[in-house]
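Worksheet: the structure to be examined is printed underneath.
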Amino acid sequence: MASVSGTELEADTGAWASVPWTPVTDRDDCNTIIGWRKANIPYLPAGTALSLQTLDVWIPASTTVAAPDASILPCPPNGSAGKWIIYIHGGAWRDPAIDASSFSAAATKLLHFQHTSTNTPITTNNNRKSTGCIAGLASLNYRLSPHPSHPSDDPSRQATHPEHISDVLSALSFLQQHLFHPNNNNNNMDDMILAGHSCGATLAFQAVMAPSRWGLPSPPSPPRLFTRSRVRAIVGLNGLYDLAGVVHSDSTSTPAWLREAYAEFTRGAFGDDEDVWRAVCPATAQGWVPEWLRGNQEGEDGAAGDAGGDDGDGQQPEAKAAEKVVVLVQSRQDSLVPYDQLEKLRGYLLAAAGQGGRLRVEELHAGGEHDDIWREGGRMAEILWQVVAGL
Ligand SMILES: N[C@@H](CC(=O)c1ccccc1NC=O)C(=O)O
C-alpha cells in the first residue's frame with residue numbers, strides 16, 4: 001500500500017486489505033468472472049470514517065480465475081495506462097435509499113465491455129484501435145443531509161454543505177494517493193473520468209472547482225490532496241446545475257409538490273441563502289472553469305506536491321494539459337429534472353470554453369425516467385465506455 005509522508009495523511013490501509021475481493025460474473029454467463037469488487041472501503045484514516053464515508057471499487061479480471069489477494073492494488077489491464085471511472089450517486093443529497101451500490105448495474109456492464117474488448121479490439125470513434133481502457137471503477141458514498149420523511153440518528157446523515165463535497169474530495173484523494181500509486185504503473189496524469197447522476201453530477205463539477213470556494217480549511221482536515229487536473233472528463237447524467245432555477249421554476253409547468261421538493265432538499269443541503277445556492281451550482285458559480293483547466297495552484301489545498309507537477313505550478317499548464325471533456329446527458333422523459341438544467345450548463349460551458357480554454361462539450365442521448373439510467377445501467381455503461389474509448 002502506498003504511503004504518504006506525514007502520518008496523519010494515512011488512510012485506513014488496514015481496512016483496504018481486510019475487505020476481500022469478491023467475484024463479479026457476467027450477467028448472461030454466471031460462470032465467467034469479468035471483474036472483482038470490494039465494497040464499503042473507508043476512505044478516511046483508521047477509525048474516523050462514518051458509515052457513509054466509504055467507497056466501492058471494481059477492477060477488471062485478469063486471465064486468472066483465482067481471487068486476487070485482498071491487499072493487492074488495482075493494476076491497469078495488460079500493463080497499459082487505463083482510465084478510472086468514478087461515479088457519484090444522486091438522491092438530492094438526502095435519499096438514504098440511493099448509495100454507492102447504485103452503480104452496480106453499470107459497473108457490471110462496463111466490466112463486460114472490458115472483458116470482451118480485451119479479446120476483440122474495438123475501433124473508437126476517432127479510428128483508433130482500443131483494447132481494454134478501464135483501469136478500475138469506483139463509486140463513492142458521502143454524508144447525506146437529513147430527510148424529513150426518513151428521520152435517523154445516524155451521524156453520517158446530518159450533513160450540510162460543504163460536508164458532501166468535502167467527503168467527495170476526501171474519497172478522490174484516497175483513490176489518487178492509495179490506488180493510483182506510481183509503482184502501480186498508473187500514474188498518467190489525466191486518468192480520471194468523473195460521472196455523476198442528479199445531485200452527484202453537481203458534486204462532480206464541484207470537485208474540479210477550487211475547494212477554497214467551500215471555505216474548507218487549509219491545510220484541510222481530513223487531508224485532501226486531490227489533483228483536480230487529473231480529471232480528464234466529467235459526465236453529467238440527469239444533473240442539477242442551477243438550484244435557484246428549479247426552486248423558482250414556473251408554477252404552470254412544474255407541479256407544486258415538485259417545487260416544494262426542490263426547495264426542501266435545496267434548503268436542507270445548502271440552507272436558506274439563495275446567494276449560496278448560486279455560488280455552489282456549476283451553471284451559476286462565477287469563473288470556475290479555469291480552476292479545472294489550470295489545475296491546482298501551488299500551496300492550495302495541500303497541493304505543494306501536485307504529483308508529477310504538470311500543472312501544479314500554475315505556470316504553463318495550458319501547453320501541456322490534454323483537452324478536457326464534458327459530456328452532458330439528460331433524458332427528456334425525466335419527470336424530476338427539466339431539460340433546461342442541461343441547456344443552462346451547456347451555455348455556461350460553451351461561453352467559458354470560448355475564452356481560450358481547452359474544453360470540449362458534448363451532448364449524448366438517453367431516455368427514460370430520472371433513475372432509470374442507473375437502475376438499468378446499460379445506457380450509462382455505453383456512454384461511459386464511449387467516453388473512455390474516445391479520450
Ligand atoms: N428521491 C429524492 C428526490 C430526488 O432524488 C430528486 C428529486 C427531484 C430532483 C432531483 C432529485 N435527485 C437529485 O439528486 C428524495 O427522496 O428527496
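Glycine is treated like the rest: Cβ placed from N, Cα and C.
Database features (TrEMBL):
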type	residues	note
MOTIF	89-93	motif 'HGGXW'
ACT_SITE	Ser198	active site, nucleophile
REGION	295-321	region 'Disordered'
COMPBIAS	298-313	compositional bias 'Acidic residues'
ACT_SITE	Asp334	active site
ACT_SITE	His370	active site
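Model confidence over the motif 'HGGXW' (89-93) is summarised by a mean pLDDT of 98. For the motif 'HGGXW' (89-93), residue counts in helix, strand and coil come to 0 helix, 0 strand, 5 coil, using DSSP. A simple Cβ count within 10 Å picks out one of the active-site residues Ser198, Asp334, His370 as the most packed, and that one is Ser198. A Cα-Cα distance of 8 Å separates the residue listed as 'active site, nucleophile' from His370 (active site).
Here the C-alpha separation of Asp334 (active site) and His370 (active site) works out to 5 Å. Following the DSSP three-state reduction, the secondary structure of His370 (active site) is coil.
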